[in-house]
Amino acid sequence: MTIVLGIDPGSRITGYGVICKQGKILSYLASGCIRTKTNDFPNRLKRIYIDVNQVITQFKPLVFAIEQLFIAKNMNSALKLSQARSVAIVVAMNNNIPVFEYAARQVKKTLVGIGSADKHQVKHMVRTILNLSNNPQTDAADALAIAITHCYISENTNRISSKNLILARGRLR
């Protein structure tokens with residue numbers, strides 16, 4: 001059993017999603033949004049740190065998956081996003097949880113089959129894959145999508161790695 005925490009970073013709203021992977025079965029554990037209500041940016045970062053740490057303490061994930069940065073037109077927004085993202089990564093590292101990063105296009109392609117999918121399509125697939133009765137909030141759905149992507153990609157990577165190891169051993173005999 002592997003518990004995966006997915007994070008969709010943001011300086012005002014950070015989404016989180018926690019899922020459990022047992023074999024090929026993915027189960028929903030929790031999701032939500034960390035809303036930073038203050039205009040004081042250092043206090044927003046502090047709120048992200050505290051709340052992500054609480055989620056980690058409660059669910060004890062073995063894996064931390066987060067969205068990679070994308071090139072933004074507004075440099076100030078990109079800097080704030082990178083700082084919020086960095087704070088979340090530091091929380092994971094302080095808890096000795098390995099960090100994996102996924103591009104937004106990769107997440108969309110993994111869940112929907114096309115890298116240019118819209119938020120509604122991603123939300124629908126998250127709801128379908130995790131058998132949810134309602135759509136999660138947008139940022140929480142994105143975080144769950146990142147966690148699901150990690151499960152799918154790591155499963156395929158492990159399968160490929162194992163196959164290569166067997167072939168390599170076969171050649172050595």
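Backbone N, Cα and C atoms are what each Cβ position is placed from, and that goes for glycine too.
Residues or ranges marked as active site in Swiss-Prot (evidence: sequence analysis): Asp8, Glu67, Asp139. Swiss-Prot lists Asp8, Asp139 with the feature Mg(2+) 1 binding site, giving sequence analysis as the kind of evidence. For Glu67, the entry in Swiss-Prot reads Mg(2+) 2 binding site.
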Worksheet item: To the nearest whole angstrom, what is the C-alpha distance linking Asp139 (Mg(2+) 1 binding site) and Asp8 (active site)?
Response: 6
Discussion item. Counting only residues 6+ away in sequence within the same chain, which have a CB under 8 Å from the CB of Asp8 (active site)?
Written reply: Thr14, Gly15, Tyr16, Gly17, Ile66, Glu67, Asp139, Ala140, Asp142, Ala143, Ile146
Worksheet item: Hey, what's the Cβ neighbour count for Asp139 (Mg(2+) 1 binding site) at 10 Å?
Response: 24
